[in-house]
Amino acid sequence: MSVANSRTAVYPGTFDPITNGHIDLVNRAAPLFERVVVGVAYSPSKGPALSLERRVALAQEALAAHANVEVRGFDTLLAHFVREMGAGVLLRGLRAVSDFEYEFQMASMNRHLIPEVETLFLTPAEQYSFISSSLVREIARLGGDVSGFVPASVVEALRQVRQSRAQA
């Protein structure tokens, strides 16, 4: 087991897909820490539109400008992943008051599982506060334009998913 390091933060999520809101959070977190690990969760129970490998690749591309940010996929308990990364901080985004109850429960559970790790909440810039991966997926599934919410590579990946489902 690694010792928790407050200079290393883990930002976990399914990132299905990564959005401009996620990117904004990483852009603001990167200067605060020596190392930020974006942990892309496998989460098969959520029925992701994109494979874990594709989500990791899209996040790596979107965050490539940051030398201190790394993207890793994981399929373990978050507490185990955080310990494996040696992180002392768990980053979570809060878009709206509606996110708070769930995030508070998760932070409390994580405090029991990994008491040496602090949860830090960041809010996105106002222009990203309404963006969610699930809304982006739904808009894309129905043929809407998601280019204002995600990087161009994600727009293309979602277009490919829609096209392959239409052919199935």
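From the backbone N, Cα and C atoms, a Cβ is placed for every residue, glycine too.
Listed in Swiss-Prot for this protein:
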type	residues	note
BINDING	Thr14, Phe15, His22, Gly93, Leu94, Arg95, Glu103, Tyr128, Ser129, Phe130, Ile131, Ser132, Ser133, Ser134	ATP binding site
BINDING	Thr14, Lys46, Leu78, Arg92	substrate binding site
SITE	His22	site 'Transition state stabilizer'
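Everything Swiss-Prot records as a feature, shown here on the structure.
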residue: Thr14; record: ATP binding site; DSSP class: coil
residue: His22; record: ATP binding site; DSSP class: helix
residue: Lys46; record: substrate binding site; DSSP class: helix
residue: Leu78; record: substrate binding site; DSSP class: helix
residue: Arg92; record: substrate binding site; DSSP class: strand
residue: Glu103; record: ATP binding site; DSSP class: helix
residue: Ser129; record: ATP binding site; DSSP class: coil
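Among the residues the record lists as binding substrate, namely Thr14, Lys46, Leu78, Arg92, the two farthest apart have Cα atoms separated by 19 Å. In the structure shown, the C-beta of His22 has more C-beta neighbours within 10 angstroms than that of any other entry among the binding-site residues His22, Lys46. The Cβ of Thr14 (ATP binding site) has Val40, Ala41, Ser43, Lys46, Pro48, Arg55, Ser133 as same-chain neighbours under 8 Å, each 6 or more residues away in sequence.
With a 10 A radius on its CB, Arg92 (substrate binding site) counts 20 other CB atoms from all the protein chains. Using a 10 angstroms CA-CA radius around Arg92 (substrate binding site), the binding-site residues that qualify from Glu103, Ser129, Ile131 are Glu103.
Listed in sequence order, Pro12, Gly39, Ala41, Leu90, Asn110 are the same-chain residues at least 6 apart in sequence whose CB falls under 8 Å from the CB of Leu78 (substrate binding site). Cβ neighbours within 10 Å of Glu103 (ATP binding site), excluding its own Cβ and spanning all shown chains: 15. The Cβ of Ser129 has fewer other Cβ atoms within 10 Å than any other of the binding-site residues Ser129, Ser133. In the structure as shown, the Cβ atom of Leu94 (ATP binding site) sits within 10 Å of 17 other Cβ atoms.
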